[in-house]
Every structure is written in structure tokens, then in C-alpha cells.
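These notes are about the structure you will find just below.
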Amino acid sequence: MIFNSIEFAIFFPIVTLVYFLLQHKHRWWWLLATSCYFYMFFKPEYILILGFTIVIDYFAGILIEQSEGRRRKWYLVMSLIANIGVLAVFKYYNFFTLAIGEAGLARLPMLKILLPIGLSFHTFQAMSYTIEVYRGNQKAERHFGIYSLYVMFYPQLVAGPIERPQNILHQFYTKHTFDYDRVTSGLKLMAWGLFKKVVIADRLALFVDKVYDHPLDYQGIPIIVATIFFCFQIYCDFSGYSDIAIGSAKVMGFELMKNFDRPYFSKSISEFWRRWHISLSGWFRDYLYIPLGGNRVSTYRRYFNLFFVFTMSGLWHGANWNFIIWGALHGFYLIAAIVLAKPRNFINKITGITKVPFLFKIIQVSITFALVAFAWIFFRGTYLELSWTWHLVTHLFTGLPSLSEFMHLDYISQYVFLDKGAKEFFLAIALIIFMEVIHYMQRGKSMREWISNKPTIIRWGIYYLFIMMFFILGVFDSPAQFIYFQF
Amino acid sequence: MTGTKKFIYKVFLLGAIIIGSVWVFNKIYIAQTYPYEYLGGMLNDKHALAQKTPSPKVLWVGGSSGSFGINSDSLQKNLDLPVVNMSFIAPLGTYFLLNDALKEVKKGDKVFVSTEYDIEKYSTPQVIYSAVDYYPEGSIYIEKDTTIVDFIGHRVKHKLANVSKLFWNVFSKNDAVNANIEDNTSVYFRSAFSPKGDIISHVNNTPKKVDFFLFPRAPINYSKQIDDLNYFVGEVRKRGAEVYYVFPPLAESTYNYGKVAVESVEKQLNEKLNCNILGTAKDFVRKDSSFFDSFYHLKPAGRDHNTEQILELYKQTQTKR
């Protein structure tokens, strides 16, 4: 079931209403049953895979807690192998089989299977549980139903945030009552998430798809326009999903972790990764980067750690060379940032740019955005042949028009507005600006709080305008899937 | 439960305001666009025309290939009967087009029915909901939704789309508002028709680029459409009228591209249709240059040639009698 569907509009109020009507002791099974239904709505049989990892990790957690020494480690390794094994079979087997075949090393049979929705998300969440039990940060969960719910809780089941057991497990034991402020705050967050998805992301997709569906037909300006739009499309798509997930959990009383924090205001790539997909970045930091030695190693080892972790992050997104290059590119950016720190400081000093903090910040944010945008070409190109993505990368600045050509209406209509018309183009730009202004205003205080403190007539006027804007500007032709579902 | 009553009260109040607004905006949109809207206007106007035309008359029934493909004046002159071209658009589907046309069939009428090869039985939701906004009688031809989700989804989507259109109309008027037959750009607007129902708005216009290959290539299962046709034929005869089936005009490139599809429909019609079929599908294949903006939509010259051929084939059936 996807959040921007009629089915979810029916599912959510029923689940929430019954949740509050039930006695606390019965709520876990209601949430578990409805989460199963939510997941099975996509492809019912894949719940068996989820069931497999749940059973393995449930017992692994208990055995890890009850054991000591090597045996304890052994149970953790077994659990990790089971989880990674599922990923390896369903997500990576065909990719590596193809790569091995193309390299002429061996001819292995391909599997005719579809990737279960959200596999990487719930597998990583499950792994985080056994690792935390192993580290002694989390007690093994004895209640099988509650543990299953930890993995399957429907708001974050298919696209995160990837929760830690310390944050969420105890919340299933807490009795949540109907709290007006919390419920309305959750609903407002859901509405904002839905707005970002249906109004902004799906509208921007009209432009992005035009170029990325026929990459060989374009060079220069249209690729730049589509790529910039894709930056905001993927942000609105994924952060929109996270907002709906966090909001729907909040309505029922659960606090999920923040997954995005205005990432395009980042002044460096490392800051970007502290603000983008926070739950995944944290996962890789805590369970891969730090165990590899993190920053407390030699310089070259640190470079390797960064490059390896980000390449793995790319691979996490999908079994595709484009994702791997995307991840590796971010690893490369971070290494370059360390290597070039001294020359950058020197340039800053001789230009005196740091004395104008606002301008300095704008330059930093712009450079970071440009680097991130460039890497997104590979990410969006995952639907394409690698050579086609390469065409986009190598033709980013070719075929640029002369000023007189650029001023020609036909050129603008075809290559800037991408045949969607001035109205659609400027609407897309206006929506991006609108969203970023909201983000900027939210630096100090949440917009939801700001609205809540206004007189009723203004508050209701804002709600009304927001809902009508959603209806008027939303793209409702067919409920588009969320991009991150494929992971 | 703290605040539960307050919450429920506010949800219902906000919901009522929103639903009320959407309902009002829909009414405004329909009233605003009714004077120039192509589909809704055509449905009302052609029914009105059929009702005021005395029987016996000639009634042309089918999709837009009939609006573009028939010269009703020529038909009237040769058959010596008043003609009403009640062709609408193929996306309405055979169930709508044929059952709706039955209302206008009277004793002694000659009914010609022509359905496009790729027509479906039922209309797509967005087309039929737009049609019934202006022509509420058509709501009985809406395909029954199989689930409550579809039922809500289709209706809500359509109502919201109207609100969106109303909003955008504030900034840029619909082209159809100022369209008239004399101009050389507009085609689809309410007054685009001759007094007999033929489309004439394109006479002065430059032809548009036609995608001749937007047509099925595989065999088409036409059984549901034939069921509708046979029901229509039976009902027409019960009313004491004659009925003939006519193949729609089709561009040569499209015919060659989708020959398998065309022949499959022709075969099924020949085997199962309970009325006279005028000629063969190939008889109605025309040169690509005869088409205006679709491989079914003839230019005025092509229309005259098409009408002559229909008359010729009709006369042959009369001679055989």
C-alpha cells in the first residue's frame, strides 16, 4: 500500500481509530496484523521472507543475550549472515551473476524473482537489533509479537526511517492515549509530507522523466534543468514519505527519528550526510564506519574507510553500477574535502571571503548543492544503461546555446520548459521556492507550532488554503510510487 | 480521551467545508464552461437536434470518425430524408454511444452505425465523468465500479480535476471560449458543428501532424462491442427502423500497420453482427493525406469521397433487395 493512495486514506483512519478504541494489551496484535496487511498489499508471498528474518533475529537476540565469549559472537554472525543472505539472494544475486558472466568468469543461472519492497530497510532495521543486543545496548525482546512489530511497524516498514531498537521497542509497551495536540501535529506532518510528494515531487517528475527517459536526445541546458529538478523531486519524494511515516506514527503516539533536516542548506558534503537520510547515514556510521576504525586510524586508512562505506551505501540502494558510482562519488567528495582543506583555507584567506559570512555561506551551499546534483545524475540514471548515464554526464555542458539562441522563445520552450509550457515550469520553480522558504522559516521554530499559535480564523484559513492548493496543484493522474520503495 | 470530541468536531467541520467548497467550485466550473465545452455541448445539442428532426430520418451513430467522415447534406440529398449526425467520440465506448442513441430512434428511421476498431465497451472514467457533468442522463452508462476504492477514487479525482481547471481558467482562458468556425486554429468547441451535426470547424484549418501508428497491431477481441451492437440492432428493429453497419474511414499507413487488428474486427463483425454491413474494411481505407488530425478524422474533401462511397454501397444493398 502506498501512502498517496485512496487505499491508505481508508486504511489509516480505520487502523488509528481501532488502535485507540482497543485496550492497551490488545494493541500490539492489531498493529502487527494491520502492518502485515499493509505489506501484503504489495505482494503477499514476500511476507514469508520477512517472517524468516524475524524468526532468525528473534531467537538470535535471545541466544546472544544468554551467551558469552565466542559463542555470543557466533550467534551474531549467524544472524547477520541470514539477513545479508536474504539481501544477497533477492537483491544482489542477479547483479553479481551478470557481472561475473560479463567478465567471462562463470555462467551462473539468473533468478526470476522480484525485489521485495523495502527489503533493505527492514533488513537493516533487523540487523541493528541483533547488533545492539550483542553490544549490550538493548535487552533481547522476549515477546515475539512485539519483536515482529519492531520490524514490521507499518509506517516505517517499507521506506524507513531505519529505527534503532533502543528508540522504538520500548514505545510498544507504552500506553498511548489520545492527545489532541499530538494527533493534530502528526496529521499536519502527514499533510506536509503528502503535499511534498503529490504536489512537488510528482510535478517535478514530469520534467525529469522527459529528459531521463530519452537521455540521448538531450545535451546541455535540458539535462541541467532536469537534474536540478530531480534534486528536489527525490528530496520531496523521500522526505515526503518520511514525514508521512513519522506523522502517522505520531498520531498513534510513537516517536520515530528525524530522517531529513533541510539537506540542501548544507555547507559541505559531510554536513549533507548529517542531514540527508539521517537514519541510514547513522546506521553506516555506527555499524560499519566506526567498526572499521572511523577517523581514529591512519590518513590513508581513513580515506579507504570513507570510500568503502559510501560505496557500500551506494550498493545498499541497489544492485546497479550507477548506484555504486553514486556512492563512490560521495566517498570521493569526502576524501577530496579532507585533502583540499589546506588549499581551500588558503583561498579563503587571500580572498577574505570569510569576512562576509552570508556570501561565504551562499558559496558553500551552492558548491555543495552542485556536487550533490552532479552525483544525482548517476542515481537517477539507474533506470538507464550505464552508457546512457555517461552520455548525460559528458553532455552536461555541451550544446549550450549562444545568448541570441537562448533568448529565442522556441529554444526556451523546448529546452528549458521541456515542452511542458511556461505555466508548468514557473509553477515548479515557485513550489520549490515555497518549500525552501518554509524550510528556512523552520530553522528556529516549527511551522506547525507557529500556525497553532495563530487565531482560529487565520489558522483555519491557512488549513483551507493549504488543502485547496493540494487539490488544485496535486498530480493525481495515477498514484506514483515512492522512489525509495525500490530499495 | 482528552480532546477526542474537539478533534472529531473539527475534523467533521473542516471536512464539511472542504466538501462543500469542492461541490460549489464544481457547479461554478460546469456553469462557466457549459457554453463552449465540446463534449458536453455536443451531447446536449445533438440530442436536441435529433428530437426536433421529424421521422423518418437518417441517424448516424458512432464515434468521432462519423463527425469528420460524413457529409450530411449530401446524404440528405441522396436519401431524401433529413439527416442527424449523432456521432460523438469513441472514448465514450459502445455501451454509451449505442444505448444513448437508441433514445432518438423512431419508426421509419434509417440508422447507420459505425464504430472505431479500437473502441472499448465502456468509457474511461475521466471521459465519462466529464460527459455526465453536462449531460447527467449519461450517468447510467458508467461502468459499475468493482470496489469502493475505485468508486471513491474516480469520483473524487474527477471533482478535484474540475476544481483545478476552474483555478487555471482564472489565469488562462480555455481556447474554446473564443473559438469559432471561421478561425483557422480551433477545432473542438461546442459550436464546431453544422446544423446537421457534422464537424466543420476544421475546414479553414491547417492539418495537424498525425501519428498513424498509434493503433493496435494484435487481434482485437470485439465480442463485447458486438454484443452492444447486436442489442442496438435488435432495439432499432423493434422500433420499426432500418440499421446498417459502416466501417470507419482509416488511413492507409494505419491500416497497413494494424492490418491484423482491423481484419480481426472485420471477421468478427461478419460472423456475428445481425445486420447489413456496407462493404469491407478495405473499402474505407483512404490515403494518409486525406486525414486531418487523426487516422480516423477525414479532411472535408475526404469526407465527401467517403460519403459518396457509403451511398454507393447503400444503393447496392437496396438493389440486391
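Cβ atoms are placed via backbone N, Cα and C, with glycine included.
Per TrEMBL, the features are as follows:
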- A:6-22: transmembrane segment (TRANSMEM)
- A:48-65: transmembrane segment (TRANSMEM)
- A:74-93: transmembrane segment (TRANSMEM)
- A:113-134: transmembrane segment (TRANSMEM)
- A:300-317: transmembrane segment (TRANSMEM)
- A:323-341: transmembrane segment (TRANSMEM)
- A:362-379: transmembrane segment (TRANSMEM)
- A:425-441: transmembrane segment (TRANSMEM)
- A:462-484: transmembrane segment (TRANSMEM)
Item to check | Beyond the flanks of the transmembrane segment (A:425-441) by at least 6 residues, Cβ under 8 Å | outcome: 196, 199-200, 203-204, 207, 229, 232, 236, 262, 264-265, 416-418, 447, 450, 473
Checklist entry - When each of A:113-134, A:300-317, A:323-341 is checked against the transmembrane segment (A:74-93) for Cβ pairs under 8 Å, which one has the most? => result A:113-134
Checklist entry - Can you name the far-off residues of the same chain, 6+ from the ends of the transmembrane segment (A:323-341), with a Cβ under 8 Å from a Cβ of it? => result 268-270, 273, 302-303, 306-317, 371, 374-376, 378-379, 382
Next on the checklist: At a C-beta cut-off of under 8 Å, are there same-chain residues at least 6 beyond the transmembrane segment (A:300-317) that contact it? List them, or none.
Outcome noted: 92, 120, 124, 280-281, 284-285, 288-289, 292-294, 323-328, 330-332, 334-335, 338, 379, 382, 487
